[in-house]
Every structure is written in C-alpha cells, then in structure tokens.
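Report on the structure given below.
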Amino acid sequence: MSHQTVALASKAKSPKPKRGKLDKEKMTALEKHVSFFDRNKDGTVYPWETYQGFRALGTGRLLAAFVAIFINMGLSKKTRPGKGFSPLFPIDVKNSHLCMHGSDTDVYDDDGRFVESKFEEIFNKHARTHKDALTAEEIQKMLKTNRDPFDITGWLSDYGEWKILHTLAQDKNGLLSEKSVRAIYDGSLFHQLEKKRSSSSSRGKKQKLP
C-alpha cells in the first residue's frame, strides 16, 4: 500500500470536528444546561433554537417566543466579548458563564461549575414541608431571600427561571423534588422532560389511529 493511500485512509477515519462543537465530557454544568437549547450542537444558540427548546419542553408558543427573545437579546452580547453586534443575537455556549446574573442561588461558580455545598444549602434553608422537595411557597420565599433590591434584572430572571421550572417539573402534589432541581443545573432534566413529552405525543398519535 502506498504512502498516499495510507494518508487518504487516515484522513477518512479522522474527520474534522464540526466548527464550534463542544466536547460534552469537558463541559461545565452551566454549559451543559445551556447546550440543550443548542439544537444543532454547533456551539451557538440562536433565538429560534431557544424557541424550539422551550417548545420541546412543553411550553406554549407565546411563552416560548417571549422567553427566546428575552434570553437571546439579553445574553448574546455578554457571551461574545470582543465581537461586534449581531442582529441574530447568538449565544456562545462556551462563554455562558459570562452571563450569570445576581439574585440567584450561587450554585454555579464563576466558571459555571456546579457547587455542591450551595446546592445543599437550598434545601437546608428553604425546604420546610419536605426535606427533599420545595413547595411553590418555599420557592417564593427563597427568591425573596436571594433578591438584591438593586438588581431588578437578576431578580426577574431568577423568578422566571424558577417559575418555569416549577411549572414543568412539579409532581402531582405541586412539589419540586431535590432530584429535579439537581438535574436542572446540568440540563439533564431538560432531556428527561423532552423525552417524556415526546413519548406521550407518540402514544397519543397511536391511539388516534383507526
């Protein structure tokens, strides 16, 4: 076999990685959380992908559209330091740690990594009715405790995030379990909810068939 043939075979076996694609094993918890909305996995989240992500989770069209506009317009510039304005409002997943807001739980550190002690603090401080779950009222009290009166944007963002989370992931008793809250931080809950919704839709279609 000639050297040229070996070289060609080597190239065929080692395709170049897709531009912007991230190595999931090396991603921080926050990057994994954000990457759920990177529907084509190119390392960038556009407004229509944010919309598609929220629709996949089961939100209505109007809410998904509003959230997509709010998130991408608000975070795009922060995740693209040194780059010019883009009317497409892209969010760079690898720089998602640059858009963390105040008035939150501090479960992510400055680099977007998961902080176990801060996570445990949520339930140690605020889970009064059940040690491993939060009621809607307890979530409201937690948000009030974390709120910085001079950080309106951060408080509104945190309120919206927890409101949507509770709506999508609460159990039949209206409780948000510790397991679900933990899974939201690395985005694994998103995948679980999408899979569950997809399965329900498939069963519904089968039942409608004559």
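Positions of Cβ are set from backbone N, Cα and C atoms, glycine also.
Predicted, not measured: the structure shown is a model, and the values here were computed from it.
Swiss-Prot has this to say about the protein:
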- His33: heme binding site (BINDING)
- Asp38, Asn40, Asp42, Thr44, Glu49: Ca(2+) binding site (BINDING)
- 25-60: domain 'EF-hand' (DOMAIN)
- Ser188: phosphoserine (MOD_RES)
- 1-24: region 'Disordered' (REGION)
- 81-90: motif 'Proline-knot' (MOTIF)
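Note on Glu49 (Ca(2+) binding site): other Cβ atoms within 10 Å of its Cβ, all shown chains, come to 20. Shown are the binding-site residues Asp38, Asp42; of these, the residue with the fewest other Cβ atoms within 10 Å is Asp42. Residues of the same chain lying 6 or more positions beyond the ends of the domain 'EF-hand' (25-60) and with a Cβ under 8 Å from any Cβ of it are 18-19, 67-69, 71-73, 88-94, 96-97, 100, 108, 111-114, 164, 168, 184-188, 190-191, 193-194, 197-198. Ranked by how many other Cβ atoms sit within 10 Å of their Cβ, the recorded positions Thr44, Ser188 place Ser188 at the bottom.
Across the motif 'Proline-knot' (81-90), the DSSP tally of helix, strand and coil residues reads 0 helix, 0 strand, 10 coil.
Secondary structure of the domain 'EF-hand' (25-60), assigned with DSSP and counted as helix (H, G, I), strand (E, B) and coil, comes to 20 helix, 2 strand, 14 coil.
In the predicted model, the domain 'EF-hand' (25-60) has a mean pLDDT of 97. Packing around Asn40 (Ca(2+) binding site) is summarised by its Cβ count: 13 other Cβ atoms lie within 10 angstroms of its Cβ, all protein chains included. Sequence-distant contacts of His33 (heme binding site), defined by Cβ-Cβ distance under 8 angstroms and a gap of at least six in the same chain, are Ser96, Ile184, Tyr185, Asp186, Gly187, Phe190. Under the three-state DSSP scheme, Ser188 (phosphoserine) falls in the helix class. On the backbone, the CA of Glu49 (Ca(2+) binding site) and the CA of the residue listed as 'phosphoserine' stand 17 Å apart.
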